[in-house]
Amino acid sequence: MGPLMVLFCLLFVYTGLADSAPSCPQNVNISGGTFTLSHGWAPGSLLTYSCPQGLYPSPASRLCKSSGQWQTPGATRSLSKAVCKPVRCPAPVSFENGIYTPRLGSYPVGGNVSFECEDGFILRGSPVRQCRPNGMWDGETAVCDNGAGHCPNPGISLGAVRTGFRFGHGDKVRYRCSSNLVLTGSSERECQGNGVWSGTEPICRQPYSYDFPEDVAPALGTSFSHMLGATNPTQKTKESLGRKIQIQRSGHLNLYLLLDCSQSVSENDFLIFKESASLMVDRIFSFEINVSVAIITFASKPKVLMSVLNDNSRDMTEVISSLENANYKDHENGTGTNTYAALNSVYLMMNNQMRILGMETMAWQEIRHAIILLTDGKSNMGGSPKTAVDRIREILNINQKRNDYLDIYAIGVGKLDVDWRELNELGSKKDGERHAFILQDTKALHQVFEHMLDVSKLTDTICGVGNMSANASDQERTPWHVTIKPKSQETCRGALISDQWVLTAAHCFRDGNDHSLWRVNVGDPKSQWGKEFLIEKAVISPGFDVFAKKNQGILEFYGDDIALLKLAQKVKMSTHARPICLPCTMEANLALRRPQGSTCRDHENELLNKQSVPAHFVALNGSKLNINLKMGVEWTSCAEVVSQEKTMFPNLTDVREVVTDQFLCSGTQEDESPCKGESGGAVFLERRFRFFQVGLVSWGLYNPCLGSADKNSRKRAPRSKVPPPRDFHINLFRMQPWLRQHLGDVLNFLPL
């Protein structure tokens with residue numbers, strides 16, 4: 001499920017060595033800033049300017065030519081004086097279905113832009129954004145959406161122009177940047193069948209902009225942890241080290257580390273490249289996964305220090321030793337940056353491994369690949385590096401179904417003549433992820449690699465993983481699903497939300513039976529994977545009272561129909577038993593690949609973002625059935641049917657007395673209806689091959705299993721039935737205070 005990431009880290013920093021015999025003039029000061037030299041004043045040395053935060057150098061760098069003159073990369077004319085200019089953030093070109101203020105041509109550091117939507121549209125993203133000192137906006141792209149499309153409105157990032165205004169299945173939208181801005185992300189996106197746009201959100205940025213380490217580390221860490229979890233959904237948790245993923249024989253990761261050693265990289269910067277790569281190796285081996293690591297240094301030519309075909313590539317000590325022995329002087333005669341040759345070395349390694357294992361074998365096809373390329377700038381010899389990337393994609397058979405088997409992350413270091421277009425061209429394009437970055441210096445790079453895979457912060461993040469293969473059992477497809485019974489007869493369902501807690505409905509316990517006699521079946525009861533658990537504690541919502549409104553003529557009322565069960569023992573994780581993701585938690589945030597700083601409202605806007613949201617519940621026989629959750633105006637029309645139910649609600653005048661905003665509504669169109677006995681089970685959605693519980697089955701107007709003892713037999717209601725079927729599910733977004741009160745020590749909740 002998760003991608004094995006090919007991290008493509010491009011690093012640019014030119015700090016320098018003072019040479020006693022200058023060949024180029026030394027009158028190169030910058031007003032208000034400083035500069036460094038990669039190799040003193042000698043030909044081939046790169047001069048790099050720096051300015052205080054909030055300013056950027058113009059030009060960014062100069063190269064000492066053999067003629068003894070400074071050349072400004074990319075300049076069409078000679079610049080006599082280097083200056084520090086104020087950083088600006090790009091302005092919106094347009095904002096659909098709303099307004100933004102103030103309207104400026106560009107925005108200064110610290111400046112804000114605010115967004116409001118027209119009536120009938122809901123704002124997604126950040127209502128206010130601030131220009132940061134790196135030339136990037138904080139927050140997320142603001143979008144005014146009415147939820148009418150198959151895919152949500154993809155929005156228009158600041159500084160971008162979009163063509164395409166239809167959001168149905170198969171529709172495409174295209175983006176370009178205004179003025180001299182550079183586009184990163186996908187220039188074209190397609191609305192896919194799962195309601196998600198292909199590719200990566202396009203961002204228009206100033207050529208001099210860069211990324212802060214605190215933004216890059218979580219972005220890389222989230223993607224990498226997702227890749228690790230997806231390599232094989234089976235993992236074990238060790239208390240001392242947090243989550244560790246044990247990949248079975250069928251799962252393997254090849255990690256390729258490519259380090260630039262060209263002349264424009266100083267020896268000190270190369271040492272930091274090595275230290276950063278060592279940090280990455282240390283972190284990745286701490287996950288106890290089956291991993292092979294390749295080490296390649298390059299300048300004009302590549303040098304393979306460790307191949308994934310070498311058995312030592314699976315030994316952390318041997319890999320780190322290879323990194324420590326990497327010698328800067330091995331490439332002292334190579335002045336160019338041949339990124340193509342470095343990537344082609346990876347291709348040749350893959351090709352040799354494919355020949356050994358066999359192209360059609362699972363041993364080859366199940367390997368996931370991650371490439372990390374550390375370089376100082378734009379490739380300048382050997383041809384286009386994208387050609388090598390295309391060959392890599394071809395040999396790995398990367399298509400829509402196998403897209404997760406390759407991730408390329410392009411990270412540049414240093415505000416030099418970094419080619420954003422080349423970085424973006426090489427980096428992978430995946431929904432909800434970024435793969436192209438530029439960091440300000442090697443210190444920032446080191447900081448990113450220190451924090452991107454902090455194992456202690458990944459505890460219990462792998463939730464919502466189901467086995468979707470054709471031969472998977474029903475329980476493997478929904479491993480969080482449990483059955484709850486007093487003594488022998490099954491009465492309700494529930495969902496594992498951690499290794500010891502089950503979420504279910506309060507009305508399952510309204511008879512007040514001794515809970516010590518109850519049992520919870522976890523896993524597949526028909527196989528060795530099923531296990532019966534005692535209940536240590538039952539937490540019933542104090543607000544639940546089915547007869548609370550009986551004196552109003554409402555015979556049954558299901559407000560606050562929610563309960564938690566603490567099992568007497570922890571559940572051992574397996575493909576048959578695994579928690580589902582609860583929205584508004586850090587665990588779900590990682591699964592959704594959302595940035596740090598996301599809120600509970602952000603999760604609700606992402607998961608329940610249309611007027612009709614496809615969802616599922618689990619039937620008595622364990623199969624997954626489909627429903628559509630109605631939102632907005634459609635929720636109102638869905639709930640209004642309750643007024644026709646005269647048996648339970650003979651004197652009902654206000655539907656909201658029965659159907660409060662605590663409930664989600666389904667049952668229209670061709671929806672399945674839950675049976676009696678399915679109450680308490682999860683109502684869940686799929687996003688990016690992960691599953692998220694947004695509700696739990698509570699009550700309804702029709703029982704399709706009435707009169708049948710066969711769990712596989714369900715009867716659809718006649719079209720003439722009055723009232724027509726409607727089903728109501730507790731909305732977990734409306735139960736946050738109660739959930740946080742009782743699960744605050746179990747899950748990591750996000751701000752509301």
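Including glycine, each Cβ sits where the backbone N, Cα and C put it.
In Swiss-Prot, the feature motif 'MIDAS-like motif' is placed on 260-264, out of the ranges 50-54, 110-114, 260-264, 525-529. For CYS581, the partner cysteine in a disulfide bond according to Swiss-Prot, taken from CYS204, CYS463, CYS705, is CYS463.
Among CYS84, CYS89, CYS177, the one Swiss-Prot lists as the disulfide partner of CYS131 is CYS89.
Binding site for Mg(2+) per Swiss-Prot: SER262, SER264, plus THR337 from the candidate set THR184, THR337, THR339, THR361.
For the domain 'Sushi 3' (149-206), residue counts in helix, strand and coil come to 0 helix, 21 strand, 37 coil, using DSSP.
In this structure the alpha carbons, written CA, of CYS665 (disulfide bond) and SER679 (active site, charge relay system) are 14 Å apart. For the recorded positions ASN333, ASN621, SER679, the greatest number of Cβ atoms within 10 Å around a candidate Cβ is found at SER679. Of all the active-site residues listed here (HIS507, ASP561, SER679), ASP561 has the Cα closest to the Cα of CYS89 (disulfide bond). Cα distances from CYS131 (disulfide bond) to the recorded positions CYS24, CYS84, ASN467, CYS508, ASP561 are smallest for CYS84. Around ASN290 (N-linked glycosylation site), a 10 Å sphere centred on its CB holds 19 further CB atoms from the protein chains shown.
When the C-alpha distances from CYS584 (disulfide bond) to the glycosylation sites ASN290, ASN467, ASN651 are tabulated, the minimum falls on ASN467.
In sequence order, ILE484, THR491, CYS492, ALA563, SER679, GLY680 constitute the residues six or more apart from CYS508 (disulfide bond) in its chain with CB-CB distances below 8 Å.
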